[in-house]
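Annotated active site, proton acceptor per Swiss-Prot: K196, in sequence order, evidence recorded as sequence analysis. Marked as NADPH binding site by Swiss-Prot: S16, Y17, H37, K111, A144, R260, V284, E286. Taken from Swiss-Prot, the feature sn-glycerol 3-phosphate binding site applies to K111, G140, T142, K196, D249, S259, R260, N261, supported by sequence analysis.
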Amino acid sequence: MEKIYSAPITVLGAGSYGTALAIALSRNGHKTYLWGHNPQKMAQMAVRRMSEEFLPDIPFPEALEIESDLATALTRSKDILIVVPSHVFSEVLQQIQPLLTSEHRIMWATKGLERDTGRLLQEVALQILGDRYPLAVLSGPTFAKELAQGLPTAIALSSTDPQFADEMQQRIHCSKAFRVYLNSDMVGVQLGGAIKNVIAIGTGISDGMGFGANARTALITRGLAEISRLGLSLGANPTTFIGMAGLGDLVLTCTDNQSRNRRFGLMLGQGRNAQEAMAEIGQVVEGFYNTKEAYLLAQKQGIEMPIVEQIYQILFCGKHASDVAKTLLGRERKGE
């Protein structure tokens, strides 16, 4: 009988997704420590044994413990799972760097590119932490609420260290509800999770303008082609983009209104401005921040990404969505 790896794990980030992952891990029987940056909210979660803000009515398993002190949270486990918005990812790494020991291993489920540089988060981690620690990324089609409810979910995991990857797969995988696929392509897994948010904004805009299912499907398909082109230029494996971290995450985010990025796009397509849309959503819209970085990265790599470019024009250059539709439809004829 296969020996199942089990050890405590610390989750940094008590938003909806971080909390959902902590619930899933602890439900699997692993002692899990959840840290968040707001001590008052963490104290409330500890008392009420649930996240009333993000996941109301989903009680915490017994194995889930709330921790409000970062230094203490890092001593609880050698394995750290970071689940924070991409624009604060480097800040969190800088906070934990002096507190880490040689035994720590770092994984993240953050999806995005570094703000203002467009770098993959692995590059950010290597710059701040050096190459002392095994690194891993968890990415794929997962909505926090469904994960926390224990509904069937599948995801991809990639790591710089095969043993770390295998042990984390065993720990996260649950035959009843949560399936984890290993993928050796860290570049592709990270990129798919970042750029799909941008495409989801585009499909939301299209649906908000009433363009229908045909247009939505065209945007998803051509968006996948754009992600693949950019990925290949960065050394990714093309098969990654037809897997969980590519097509899987893209389809989920572009077609279901649980996606904040899609809802953000819907509001833009209905005539709301970006500030109004983000205020109504009330949580981080990763695609808004990553549109600029994706556009600049494509320019740097010399890769044609017309959908990403036009969403950038809407968000940062004041272009109207109806003009974007004309631009995309009026492009020169070409082969697929």
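Using N, Cα and C of the backbone, Cβ positions are placed for all residues, glycine too.
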Based on Cα distances to T142 (sn-glycerol 3-phosphate binding site), point out the closest of the binding-site residues S16, Y17, R260, V284, E286.
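That would be Y17, the closest of S16, Y17, R260, V284, E286 to T142 (sn-glycerol 3-phosphate binding site).
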Using Cβ-Cβ distances, find the residues under 8 Å from R260 (NADPH binding site) that belong to the same chain and are at least 6 apart in sequence, listing them in sequence order.
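Same-chain residues close to R260 (NADPH binding site) (Cβ under 8 Å, separated by 6 or more) are I281, Q283, V284, V285, E286.
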Could you measure the widest C-alpha to C-alpha distance across K111, G140, T142, K196, D249, S259, R260, N261, the residues recorded as binding sn-glycerol 3-phosphate, and give it to a whole number of angstrom?
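Site span for sn-glycerol 3-phosphate, by Cα atoms: 16 Å.
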Report the same-chain neighbours of K196 (active site, proton acceptor): residues 6+ apart in sequence with Cβ closer than 8 Å to its Cβ, ordered by sequence.
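When sequence neighbours closer than 6 are ignored, K196 (active site, proton acceptor) has K111, G223, I227, G246, D249, L250, T253, C254 within Cβ distance under 8 Å.
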If you measure A144 (NADPH binding site) to N261 (sn-glycerol 3-phosphate binding site) at Cα, how many Å is it?
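A144 (NADPH binding site) to N261 (sn-glycerol 3-phosphate binding site), Cα-Cα distance: 14 Å.
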Out of A144, V284, give me whichever of these binding-site residues has the highest number of other Cβ atoms within 10 Å.
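By the 10 Å Cβ neighbour count, A144 comes out on top.
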When the Cα-Cα distance from G140 (sn-glycerol 3-phosphate binding site) is computed for each of the binding-site residues S16, Y17, H37, which gives the smallest value?
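Closest recorded candidate to G140 (sn-glycerol 3-phosphate binding site) by Cα: Y17.
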Look up A144 (NADPH binding site) in the DSSP assignment and report helix, strand or coil.
helix
Does DSSP give V284 (NADPH binding site) helix, strand or coil?
coil
Cα of Y17 (NADPH binding site) to Cα of N261 (sn-glycerol 3-phosphate binding site): how many Å, rounded?
14
